[in-house]
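Just below is one structure, and these are the notes that go with it.
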Amino acid sequence: MHLLSHHLLEWTHGYSLVIVTLYWLAAGTSYRGLKNTFNMCRSSEFNVIAYVLDCICSLMRQVIKLPERNELPQIGDRFAEMADSPAFTQCVGAIDGCQVRFTCDDAERHDEYINRKLYYSINLSGLVDYRGKFIDVCIGFPGSCHDLRVLRHCGLYRAGIYWKLYDR
């Protein structure tokens, strides 16, 4: 968020651009829902959200990155300490996925986005280090995709980096 503040010091209708965007992302609401909450016109809402997301995407690779090879032993030791087991000294990160709810307007492809809990969503898979800091993300698969399919299409998995990271 510190890097974003440099780009997003602007305010609109008395609200921070980041607050409007985070509300939209967290609530999974439509632009109409934003209009009721922030009293903004739809074109302003769209422009604000597009601007903030563009800033986030442009800064993403500066913030979300793999650890350096010399950091790996320390990371493994921290995981082993947290788990109270030496078996985790080879651990570089913890991976999990979640479903990000959204409103689907695509009539042709809407079935792809219905997940097993019967709501529209997009898969997000993340790899974090022992501090909970993201070191890789994979976003964008439809909610109907299984977690394993998402993992197999993730850039790190396809490049074999999950196994190459910790080659002592």
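Cβ atoms here come from the backbone N, Cα and C positions, even for glycine.
A TrEMBL annotation is a machine prediction, not a hand-curated record.
Within the set 12-34, 35-57, the record from TrEMBL flags 12-34 under the feature transmembrane segment. Confidence in the domain 'DDE Tnp4' (95-159), given as mean pLDDT, stands at 84.
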